[in-house]
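Sequence annotations record features per position, and here Swiss-Prot assigns signal peptide to 1-20 based on sequence analysis. Taken from Swiss-Prot, the feature domain 'Ig-like' covers 21-112, and the record attributes it to sequence analysis. Annotation comment: Swiss-Prot describes Cys42-Cys109 as disulfide bond. Taken from Swiss-Prot, the feature N-linked glycosylation site covers Asn86, and the record attributes it to sequence analysis.
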Amino acid sequence: MTSIRAVFIFLWLQLDLVNGENVEQHPSTLSVQEGDSAVIKCTYSDSASNYFPWYKQELGKGPQLIIDIRSNVGEKKDQRIAVTLNKTAKHFSLHITETQPEDSAVYFCAAS
């Protein structure tokens with residue numbers, strides 16, 4: 001029998017209340033098959049935002065910065081993880097390729 005392993009990616013909405021920034025994350029939950037790609041999108045409200053980090057929080061651990069991007073860059077890659085930014089549309093996305101079981105975590109974005 002073939003075993004199908006699913007990678008569960010749980011998402012968290014991060015609101016940057018210090019700067020009054022509202023950030024919305026879509027989808028709220030995501031499940032993909034091992035080896036597939038996953039994309040998580042965030043939209044933000046303040047066009048003055050210039051720093052866009054993504055965090056990963058594994059069960060029982062604190063959040064860890066996994067990748068970030070500045071407003072003067074459209075795309076940044078680090079191994080299987082990439083982030084893209086569209087300042088005009090006010091959204092940025094986290095892309096994870098070739099998902100693995102260790103990718104199962106809570107992911108959240110912020111903007112400042």
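Including glycine, each Cβ sits where the backbone N, Cα and C put it.
Location within the structure of each feature annotated in Swiss-Prot.
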residue : record                      : Cβ within 10 Å
Cys42   : disulfide bond              : 25
Asn86   : N-linked glycosylation site : 12
Cys109  : disulfide bond              : 27
Problem - Distance, the residue listed as 'N-linked glycosylation site' to Cys42 (disulfide bond) (CA atoms, angstrom) - result: 10
Handout entry: Pairwise Cα distance for Cys109 (disulfide bond)/Asn86 (N-linked glycosylation site) [Å, integer]
Key = 15
Practice task
Translate the DSSP assignment of Cys42 (disulfide bond) into the three-state scheme.
Solution key: strand
Completion exercise
Taking DSSP helix as H, G and I and strand as E and B, the domain 'Ig-like' (21-112) has 3 helix, 52 strand, 37 coil
